[in-house]
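Colleague: This is the structure I have questions about; it appears just below.
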Amino acid sequence: MRKIIHIDMDAFYASVEQRDNPELKGKAVAVGGSSRRGVVAAASYEARKFGVRSAMPSKLAAVKCPNIIFIKPRFEAYKEVSQQIRNIFYDYTDLVEPLSLDEAYLDVTTNKKDMPSATLIAQEIRKRILEETQLTASAGISINKFLAKTASDVNKPNGFFLITPDDAEKFVETLPIARFFGIGKVTADKMKRMGIQNGADLKKYTEADLVSRFGKAGRYYYRIARGIDEREVTPNRIRKSLGAENTFEDDLTSVPELKEQLKKITEILIGRMEKSDTKGKTLTLKVKFHDFQQITRSKTITKWIENEDQITSLYEELLGTFDTGDVKIRLLGLSVSNLNHELKEEPIGQQLTLDF
Amino acid sequence: MKFIVSSSSLLKQLASINGVITTNPVVPILENFLFEIEEGKLTVTASDLQTSMITEIEVESKENGNIAVPAKILLETLKNLPEQPVTFSIDEDTYSVEISSDNGRYKLAGENATDFPKVPTVSDDFSVDMSTEVLSSAINNTIFATSNDELRPAMTGVYMNLTDTNTTFVSTDGHRLIRYRRVDVASENGNAIIIPRKALNLLKSTLPSENTNVSVEFNVSNAFFRFNNIRMICRLIDERFPDYENVIPVDNTNTMFIDRSELLSSLKRIAIYANKTTHQVRLKITGSELQISAEDLDFANEANERLSCEHDGEDIEIGFNAKFLIEMLNNVDSDKVELRLSEPNKAGLLIPTDKSDNEDILMLVMPVMLNNYV
């Protein structure tokens with residue numbers, strides 16, 4: 001049985017804007033163009049009360065909610081937050097599948113913190129997101145992607161919902177067809193015309209029936225009607241390197257100091273490598289000087305780098321490649337790349353399919 | 001009822017329609033050929049309910065009559081007889097069939113011809129003529145890319161779309177798509193059908209090598225092909241064909257021209273070293289060099305070749321299923337081919353550079369993801 005979490009930021013773009021501009025707090029905000037042809041990319045919950053939805057033409061939004069404030073999107077800011085939340089996810093698992101900037105699936109069946117409860121992980125992640133970004137997120141917890149995604153919507157915003165394996169079928173049976181993830185408006189309308197109002201109705205159809213009516217998607221509908229979804233959480237980002245670094249309160253000025261700190265960093269790195277069963281063939285040393293100037297030096301060997309002695313002799317060699325005589329160093333980092341995982345994944349190419 | 005016919009001419013006709021007969025038909029009588037004699041002409045029908053093939057042959061006979069004859073025994077007998085006239089004597093009460101030749105006599109149990117399912121006739125139909133050359137190249141160019149997925153019936157056949165300027169044949173299995181277009185076949189009234197793969201395979205093996213006319217007639221449920229003395233009727237796939245034009249990219253500007261046979265033989269060698277489930281090969285185009293490589297880490301196998309090509313665009317690295325590429329290249333007889341790419345996760349196009357004036361071939365293939373592409 002898998003443990004899947006779906007995390008979805010609440011009114012993401014609009015919330016980032018409200019966070020960064022306190023004047024917008026508590027007001028109806030729409031991110032998107034206000035011009036004649038603009039559409040709403042995201043609406044704050046205050047605006048949603050008036051019926052403003054994302055993808056709605058801005059003109060219509062202005063009619064529904066005359067006091068609405070239009071904000072130009074700042075994708076750089078959203079990307080930054082997105083990266084922040086992804087980094088939080090990676091503290092728990094590498095099996096993170098981002099769906100967009102503001103939502104992702106996490107497979108926490110086995111997780112880096114060895115936490116047995118997916119619900120507690122989800123709660124911890126939500127708490128950390130709030131602390132680190134001042135933004136709220138909703139979470140859905142269940143045994144597959146479909147159920148987790150559906151669950152995250154149940155207590156939105158700023159809530160979470162768990163669908164246990166025992167509840168799954170019951171939950172899906174009573175779920176209105178329009179609330180199924182993967183069933184859009186057009187399909188939902190078509191299903192309603194067929195008399196399908198909820199999961200229980202959908203379940204009455206055979207797989208062949210659904211496929212003949214809806215094409216390949218019919219197979220997915222057949223499965224989700226039974227709460228079954230075998231799709232894996234596929235991180236499209238495979239870890240390329242693993243590292244550890246430290247910024248010092250006082251700049252390091254001597255080689256013995258440097259070596260002492262590198263030894264500590266090596267210990268942390270080795271710990272991380274062992275934990276994730278990772279080895280690499282390249283070691284990179286990162287040095288940031290007091291003036292924020294940064295250099296990296298790397299060395300690749302033919303054997304796997306997996307123990308402290310190897311790393312020590314490699315960084316000692318790398319230290320010799322730049323002048324360490326009269327320096328002030330504020331940060332040191334070590335990382336391994338050319339990882340064994342990359343190679344392991346290599347032959348498992350996924351055949352892409354035409355999108356009919 | 002009695003008739004006399006040359007053993008080898010009968011064998012030739014039976015062999016051309018025998019492919020229809022399945023080993024375990026829905027109704028047992030379909031293991032038979034239906035013989036119908038009228039005015040000295042023997043009409044033989046073979047059918048699997050979906051597809052039926054009919055052929056005609058002149059025989060010496062004074063009476064008219066019908067009988068269903070077990071196909072396998074009859075064919076084996078004729079195959080093993082030296083060329084000679086053979087006499088068929090049919091007892092219309094017991095349905096027993098006796099074949100007499102110079103070598104001896106063979107008796108087999110036939111069945112009542114009226115039990116043989118009626119072959120549909122095509123009425124209110126739409127008709128178009130094309131040459132055997134057009135039809136067989138359309139089939140050869142498309143049939144290999146049809147799908148085996150019975151849950152998506154539309155893709156198990158070849159789509160034929162007639163317009164007033166051309167005729168387009170399309171096949172796809174979801175991973176690749178072939179669009180074969182002829183401008184020398186057109187019809188004022190547009191019409192489109194999906195012809196099942198089995199019918200096309202039968203046509204492929206039966207169409208004569210000498211060029212002759214094929215008349216194609218169809219309505220919504222059946223298509224009717226007629227050439228020489230052979231007719232084939234098949235039930236059409238009554239489904240909506242995927243919206244194929246939408247998935248054909250128009251902005252693949254990264255282009256490469258390469259010798260077809262060099263590429264094909266290289267791929268055949270490299271494919272030996274590819275992973276046996278994905279058949280993934282990596283094409284890396286840098287400047288005017290194409291590097292083809294594959295590896296199968298389970299067996300520590302790897303291979304790498306370099307070919308020269310004409311390339312216009314950014315350097316690119318893209319993975320494909322070698323089997324797909326080989327099959328596509330095998331079905332093209334151009335000296336050179338053009339590969340049009342955009343991104344390692346977007347459809348690639350393979351286009352033969354020389355082709356006859358009347359045809360247009362486009363082959364689309366979806367990549368296999370290389371995992372170093374993020």
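Cβ atoms here come from the backbone N, Cα and C positions, even for glycine.
When I checked TrEMBL for this same protein, it listed these features:
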| type | residues | note |
| --- | --- | --- |
| DOMAIN | A:4-184 | domain 'UmuC' |
| BINDING | A:Asp8, A:Asp102 | Mg(2+) binding site |
| SITE | A:Tyr13 | site 'Substrate discrimination' |
| ACT_SITE | A:Glu103 | active site |
Colleague: Under 8 Å between C-beta atoms and at least six apart in sequence, can you list the same-chain neighbours of A:Tyr13 (site 'Substrate discrimination'), or say none if there are none?
Modeller: A:Val31, A:Ala41, A:Ala42, A:Pro73, A:Tyr78, A:Asp102
Colleague: Does anything in the same chain, at least 6 positions from the residue listed as 'active site', have a Cβ under 8 Å from its Cβ, and if so what?
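Modeller: Those within reach of the residue listed as 'active site', by Cβ under 8 Å and sequence separation of 6 or more, are A:His6, A:Ile7, A:Asp8, A:Met9, A:Ser152.
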Colleague: Tell me the Cβ neighbour count for A:Asp102 (Mg(2+) binding site), meaning other Cβ atoms within 10 Å of its Cβ, over all protein chains shown.
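Modeller: Within a 10 Å radius of the Cβ of A:Asp102 (Mg(2+) binding site) lie 22 other Cβ atoms.
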Colleague: Going by DSSP, is A:Asp8 (Mg(2+) binding site) sitting in a helix, a strand, or coil?
Modeller: strand
Colleague: Can you count the other CB atoms that lie within 10 A of the CB of A:Asp8 (Mg(2+) binding site)?
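Modeller: Its Cβ shell of radius 10 Å holds 20 other Cβ atoms.
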Colleague: Where does A:Asp102 (Mg(2+) binding site) sit in DSSP terms: helix, strand, or coil?
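Modeller: Once the DSSP labels are grouped into three classes, A:Asp102 (Mg(2+) binding site) ends up as coil.
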